[in-house]
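If you look up TrEMBL, you'll see 20-39, 46-69, 75-95, 116-135, 150-169, 190-211, 231-252 marked as transmembrane segment.
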């Protein structure tokens, strides 16, 4: 049975996951558990170094340099402690992604469009993290500035489980939880990992089943079937599409959420089931 090829996002991340990202996430898990067991105090820096190495490996030295440059600029602007200036800086950095000459130059760094898109998605999400750090820096008093050093910004920006596609955790939550030292229990962590993998595997199978049997996105890209369908059928298609969106993000956010738990952090809540919602506000957040 052929799958529906029209959902670019699902196909894109599953392909990257199989090729490299899942292996890099497994490497992060290994580094995290070893550092928790042996050098709990230095865990943030071990994970920071691993995240930078993973970024370099996947995006190349130029992609790594772009993300580091964005972090340096954001940190420098944050020193003025003006929230408006931080927002302006973030919007300017984002807008550079749409300058034709810059786009063309970045495309030449890679052999395929998929590699370029990975840089594009990663830089966009990293910009959100830089914005979060900078705003927290602006809002806190001088006494708390020591906990908002550039080194902590790098640990936050290059934290690998949330690196390419989120989800978003604000800096204060990240640093507070990362500083907290808890007793390491291999048995508890192993049970969390096994249950998490089973749950994610179930969601992934369900998403694959939907994309192989329902062809929701292919139907939406073709006008004649939509014109021939009744209002009830169109309503059913709309519900099927948002349900697939929900299941898709249970997988895409479920994997990093599991790794956050393994690192001793509390992950952001996974999406709510769309069938139980009367408003899409939480969905977009």
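Even glycines carry a Cβ here, placed using N, Cα and C.
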**Range from 20-39, 46-69, 190-211 with most C-beta pairs under 8 A to the transmembrane segment (231-252)** = 190-211
**Message:** Counting Cβ pairs closer than 8 Å, which of 20-39, 75-95, 150-169, 190-211 has the most of them with the transmembrane segment (46-69)?
**Reply:** 150-169
**Long-range neighbours of the transmembrane segment (20-39), counting only residues six or more past its ends (CB under 8 A)** = 13, 46-47, 50-51, 54, 57-58, 160-161, 164, 184, 186, 189, 193, 255-256, 259, 262-264
**Tertiary contacts of the transmembrane segment (75-95) (same chain, 6+ residues out, Cβ under 8 Å)** = 124, 127, 130-131, 133-135, 137-139, 150, 153
